[in-house]
Amino acid sequence: MMKTEPRGPGGPLRSASPHRSAYEAGIQALKPPDAPGPDEAPKGAHHKKYGSNVHRIKSMFLQMGTTAGPSGEAGGGAGLAEAPRASERGVRLSLPRASSLNENVDHSALLKLGTSVSERVSRFDSKPAPSAQPAPPPHPPSRLQETRKLFERSAPAAAGGDKEAAARRLLRQERAGLQDRKLDVVVRFNGSTEALDKLDADAVSPTVSQLSAVFEKADSRTGLHRGPGLPRAAGVPQVNSKLVSKRSRVFQPPPPPPPAPSGDAPAEKERCPAGQQPPQHRVAPARPPPKPREVRKIKPVEVEESGESEAESAPGEVIQAEVTVHAALENGSTVATAASPAPEEPKAQAAPEKEAAAVAPPERGVGNGRAPDVAPEEVDESKKEDFSEADLVDVSAYSGLGEDSAGSALEEDDEDDEEDGEPPYEPESGCVEIPGLSEEEDPAPSRKIHFSTAPIQVFSTYSNEDYDRRNEDVDPMAASAEYELEKRVERLELFPVELEKDSEGLGISIIGMGAGADMGLEKLGIFVKTVTEGGAAHRDGRIQVNDLLVEVDGTSLVGVTQSFAASVLRNTKGRVRFMIGRERPGEQSEVAQLIQQTLEQERWQREMMEQRYAQYGEDDEETGEYATDEDEELSPTFPGGEMAIEVFELAENEDALSPVDMEPEKLVHKFKELQIKHAVTEAEIQQLKRKLQSLEQEKGRWRVEKAQLEQSVEENKERMEKLEGYWGEAQSLCQAVDEHLRETQAQYQALERKYSKAKRLIKDYQQKEIEFLKKETAQRRVLEESELARKEEMDKLLDKISELEGNLQTLRNSNST
């Protein structure tokens, strides 16, 4: 992810990749500060204060570079006097990424390391004459000096093609001559420096001792702090390092050629096979470095500390030391480049001074580590100059893990490119600008995030062929098995369990199951096979059969072998923390079925063995051999299975060792070994004694319990006899009650019959009563009707009597008259 910010004169610069930052830092470090641009006038020297380490490095390079003889001066004296700037040399210390170290490196220690490297590089020159001695050497100047003088003479007229061709020829000769003088350093860091190889057949290496001092001192150092009053010299992040490579370079400013296409493969990244010396020198016309910008990347980092020499009144040699540190952080990589200037002063003048290095922030880009008094226009001036690699000497150190220490290889097609005029591919040199983001129309005033509209620089990187993306060492079956186990753990219900491990252990047995177990891949899941009755797990009750053991005391048991899991469980002590995975309710996996089948198979095998032992037991019974109770008491069957005790056993067939025949060292070694075995055996005997004592106590407890049980059995027998008497009485009572019940049942049946008969009679009487009532009602009606008829007849008779009496009266009256 690239972070774009508006670039101002004081704003932070950006870089696109660690490769590019390393290249730009090298270019900026090798530019003389007094060199103006093509269309600007030269400016005054930068008045900076430098530390003593920089002066020492510069003095060493001056010793190496000012040993030219009269024969060399005859042809190149004028060139030395007229050269506007001298050739430059740098020593690069490269510390690539490694996982075993993560520590801060002191800047002063790295500068001391650069000083020792410069001493090593000075041995390339065959003349040991110091710079202060103007006496002519006893033999003609070396090819390195001739090459340097040729570069100085060709600096004013860099456009001349014939001088460039002559320089290329001399470089090829120098490359062939320096192949046998290549330096190899192998430094192995396993927490500290262990093994070192020789640099040369006759060269002693103080560099390696300083390296070890740097990394050992960095263990107790938590950070780097800049001292008061000193300019910021470098930003040194945390260093992870197993590899150290130092490069000595001589640069020449030829005319700038067109930039190479970004798709070319970098030839210098390929390694030559062991035993071959690759060509170490090349002419690399460099392109103008683009403006660095701030970049945040998670990649291996290359941090360069380059010493820039202060411009002097007369044009002279400029010696620069360049230290490159590949730093890989644990949480990501940062890019930080800093330049520490190195003026020409006597080494002994500022020897006790210490120059502190300030820690650069992770997001700072290339150029942020420069001294604060450097003006932006001076930086732009130095960026306009072009440099090319004229000489390259690699001092490589590898981690010693079976790799070659032959250094980096330059292929033969580099020479063809140089002859054809094509510049070699530089992966850090090319970039393309694309339009940035468009202006926002109406940004919210309260928003805190603003996007830059500056152009975006797109940097080229290495092609795919340069990266090793092969995975032949990955076993697909093992990887898929582990993947399936991890997916299975995600589907399980996880919960923690803590158990207290007692003398009988944890009370569980395990079984490993997983894909690829039959092919020896051993990417297994560890499941609970059985839970011992009465053990710690059984008393706790949370761990069940078929549960998956995910972790034990923080150690993951997913995708491990069964032996590893068993050793982890054996080594636990005291309170043991488990992470248990269990199938969710309603889910039935094939693991439970497999464990069940395994248990059934073991049960079947146990039954077969018991049958065999039963046959042997029958034979023993025929011979009259019986086991006594004492034997049974001495050999109890524990619920946790048989007790497995590991004891170191000496080989029985081992020959008797004679102290006279053996050497004292072997005797001491054998004695220590026997002491260890004796101590282990004593510990196991003590453990067995403790277990035997606990078993004796348990045996006494069992005897007491047996007596109590026998007494309770006698009491229960008496109770049983009483209960039997009660039961007989109850039986007779039950028989009497049964007879009475039968009689009562017979009476009940007779009464039932009488009741039914009476019920029928009652029904008959009720029917007859109904009929009688009906007859009574009919007769009453008939009587009422006859009464009415008789009454009417009486009324008629009475009327007739009264009528007759009247007639009689009238007759009497008439008669009387």
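Glycine residues also receive a Cβ, built from the backbone N, Cα and C atoms like all the rest.
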Thr66, Thr207, Thr530 - residue that Swiss-Prot labels as phosphothreonine: Thr207
Phosphothreonine per Swiss-Prot (candidates: Thr147, Thr193, Thr744): Thr193
Swiss-Prot annotation, phosphoserine - which of Ser87, Ser306, Ser382, Ser438: Ser438
Stated Swiss-Prot location of motif 'PP1-binding motif', expressed as one of 197-201, 247-251, 447-451: 447-451
Selected residue, Swiss-Prot feature phosphoserine, from candidates Ser192, Ser399, Ser429, Ser802: Ser192
Swiss-Prot annotation, phosphoserine - which of Ser205, Ser635: Ser205
Where Swiss-Prot places phosphoserine when the choices are Ser340, Ser658: Ser658
Counts of helix, strand and coil residues, the domain 'PDZ' (496-584), according to DSSP: 17 helix, 39 strand, 33 coil
Secondary structure composition of the motif 'PP1-binding motif' (447-451) [DSSP: H/G/I, E/B, coil]: 0 helix, 0 strand, 5 coil
